Amino acid sequence: APMQPVLALPRRPPGPPMPPPLPPVDPENADRIERMAHYVAKNGMQFEQVTRDKQAQNPKFSFLAPQGENSQYYRHVLNCLMNGGWSLEQVQQVRLQRSVGPAAVPAPQSHIRGPSTPPGMPPPPAPASAALSGFP
């Protein structure tokens, strides 16, 4: 039987997929990058060009320069928004899930009794056998 042609995915370099670049540790920085990518995805690449020219001396927008700090993360987010059908909310959600260290948002501990309970959910009832297992 003839081999099936492999469908080529657009905008994807050959080889194994690269892990997505890590977002900046500072959540404010990450937020600025994601919002910028959101505006560019909505308004077109000329918006990026205008902003890059206007903010050329502003270190907070260094990610717009091709080799600038966090430029890879910016390109990744822009690609997710323009070609991946993602929303800004999804991008931010994924970042919060991935972030580790000081930038991670701790889950409120007050009403959580076990690691399996998502925030905002009541804790699951303990099975009767588990409640009795500590007794003779």
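Using the three backbone atoms N, Cα and C, a Cβ is placed for every residue, glycine included.
Taken verbatim from TrEMBL:
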- 1-10: compositional bias 'Low complexity' (COMPBIAS)
- 11-26: compositional bias 'Pro residues' (COMPBIAS)
- 116-127: compositional bias 'Pro residues' (COMPBIAS)
- 32-74: domain 'SURP motif' (DOMAIN)
- 1-29: region 'Disordered' (REGION)
- 99-136: region 'Disordered' (REGION)
In the same chain, which residue numbers or ranges, 6 or more beyond the ends of the domain 'SURP motif' (32-74), come under 8 angstroms Cβ to Cβ?
20-24, 81-82, 88, 91-92, 95
For the domain 'SURP motif' (32-74), the mean pLDDT of the predicted model
96
In the domain 'SURP motif' (32-74), how many residues does DSSP put in helix, strand and coil?
32 helix, 0 strand, 11 coil
